[in-house]
Amino acid sequence: MSRKDLANAIRALSMDAVQKANSGHPGAPMGMADIAEVLWNDFLKHNPTDPTWYDRDRFILSNGHASMLLYSLLHLTGYDLPLEELKNFRQLHSKTPGHPEIGYTPGVETTTGPLGQGLANAVGLAIAERTLAAQFNQPDHEIVDHFTYVFMGDGCLMEGISHEVCSLAGTLGLGKLIGFYDHNGISIDGETEGWFTDDTAKRFEAYHWHVIHEIDGHDPQAVKEAILEAQSVKDKPSLIICRTVIGFGSPNKAGKEEAHGAPLGEEEVALARQKLGWHHPPFEIPKEIYHAWDAREKGEKAQQSWNEKFAAYKKAHPQLAEEFTRRMSGGLPKDWEKTTQKYINELQANPAKIATRKASQNTLNAYGPMLPELLGGSADLAPSNLTIWKGSVSLKEDPAGNYIHYGVREFGMTAIANGIAHHGGFVPYTATFLMFVEYARNAARMAALMKARQIMVYTHDSIGLGEDGPTHQAVEQLASLRLTPNFSTWRPCDQVEAAVGWKLAVERHNGPTALILSRQNLAQVERTPDQVKEIARGGYVLKDSGGKPDIILIATGSEMEITLQAAEKLAGEGRNVRVVSLPSTDIFDAQDEEYRESVLPSNVAARVAVEAGIADYWYKYVGLKGAIVGMTGYGESAPADKLFPFFGFTAENIVAKAHKVLGVKGA
């Protein structure tokens, strides 16, 4: 039995699964099988019986369409992925979806498919490994020591995100990040030389990567020597450029775009079996090949060795060991609830008129000392986003730091933070202007899809940004985030709601939270202790006239002040007015029906929503009989205090809308 036989097991399973599903991508798994065989059998440190072992190597398949490569590897090495699951490739409720998805399949470290983002996740994983090692490793006690390996294709390197993240990886000198470039020269449209003629080696050398120039990706010895060389380079990430043939083994489709994204066809699969010397029926793997691939015994020994290291570490450094375990398990500090609630109550008792971006920074200063797991950063807007707090230390200055200067890389930043979140041991936060979530949008969506624990700080949230004008003024962005499944948003109206938003964002384990913050100063509102508690429910009654409301005014963020002014005017007319603060629509929507009804009673149809964002979103709360004071187009370049009245954000306009809803004559 040869190494080719072991690699051919991957090729056969990949061909068979794609053929049975009548859907999928056989070419890349067949082309990268030899590389994967060497990496997984000779180098990868992992334990199939415990896929979450803290010190395992991380393997990322950035070209996620090649998912059958990964599923074949997981099945062959002994993960809980039986053959039946491979037969159900791309079928409903299988553990083998079309693209790898974290949480579905044991051993899958991240969800990949949108090209280039797996590479970004890998950079995040490598950052997390190095930072965690610097924070916890002690002389003679190295408990964090693993590599991050990432497979990528031509498409990954064409995507702009690859530039963002590989540039940063080189700047940070991530020596334990090793990339494998599947240079097969084929994409969906055909031979890439018509649209991708970059000198990839020079490109990555310019990023300060160690580049191992083109090796034969079908020569196991060349692959092995390249990996050994890459592992020996400690101060730079490494890229191994592997010349491969897409659809390797297919007599008529190898090296052609026909092998990329469609089944080979039964006749071609049979011919490929003959050419590869694989004389076994579909989905049949000989016992001796299973035995050669089985990584369970080796993995259990590796983990047991680490367990012994950790036991010695725990004996020598009990407090560090306890903290390491807490952070890797995602737990919160012991005094978290008591300390955060005390801070929130103190804010309410000491009113301040400040921007919510400043309130966010103040909250970081209050919560940060309790949370060494915070690993923050901004896309070159730290002085504006106010994401640097008194305990921030740049990773560039200190490997054990807690702050990343991401540069102008919004997309890369967000996807890197997803990788940091997946690694464990950290709660990443990222920041930019709300408008520039547009650059980061797909990574933000992926965070929600993957249930990544990332906090996104988006400041300058509206026309309140002012003079920079409509290119920088967010209008539809918040509504877009609110409409994203499993994406939590907070638009606080003052420092108290901002502190509650940060608290719940840190506590959320199953998805991202965006904090939508103002540039301009906002007045603090009065609250009772019960109202302070109800902020955490996403929406609550902030002001009430008593009795059944004649009209309900709903507001968020910077528009709360004028809404309260409008309520005073309406109350002066003898009307019962209720003001509802709705900083988090998703959290409010998740409350029980009784609570939601107590805040927004269904028998009160007269409602006006006020928010300096796109108006359409608010019809779900005001109904077709209600009114909205919101944006219906883009902003303008002018001082903020001129823009708000120009676009109708005044107490007088809210009153006028209320009159119309109430049917006041002449309104």
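Glycine residues also receive a Cβ, built from the backbone N, Cα and C atoms like all the rest.
It should be emphasised that the depicted structure is a prediction, and the values quoted were computed from it without experimental measurement.
Lys342 is the residue among Lys298, Lys342, Lys543 that Swiss-Prot describes as N6-acetyllysine. From the candidate list Asn41, Asn88, Asn184, the residue Swiss-Prot records in the thiamine diphosphate site shared with His65, Gly113, Pro114, Leu115, Gly155, His260, Phe436 is Asn184.
Going by what Swiss-Prot states, the Mg(2+) site holds Asn184, Ile186, and the candidate of Asp154, Asp216, Asp219 recorded there is Asp154.
On its own chain, Arg357 (substrate binding site) has Ser384, Asn385, Leu386, Val457, Thr459, His460, Leu517, Ser518, Arg519 as residues at least 6 apart in sequence with a Cβ closer than 8 Å to its own Cβ. The Cβ of Glu410 (active site, proton donor) has 26 other Cβ atoms within 10 Å, all protein chains considered. Taking Cα separation as the measure, Ile186 (Mg(2+) binding site) is nearest to Gly155 of the recorded positions Gly113, Gly155, Lys342, Glu410. Considering only the binding-site residues His65, Leu115, Asn184, His25 (substrate binding site) has His65 as its nearest partner by CA-CA distance.
The Cα atom of His260 (substrate binding site) lies nearest to that of His65, taking the recorded positions His65, Gly155, Glu410 as the candidates. Under the three-state DSSP scheme, Arg357 (substrate binding site) falls in the helix class.
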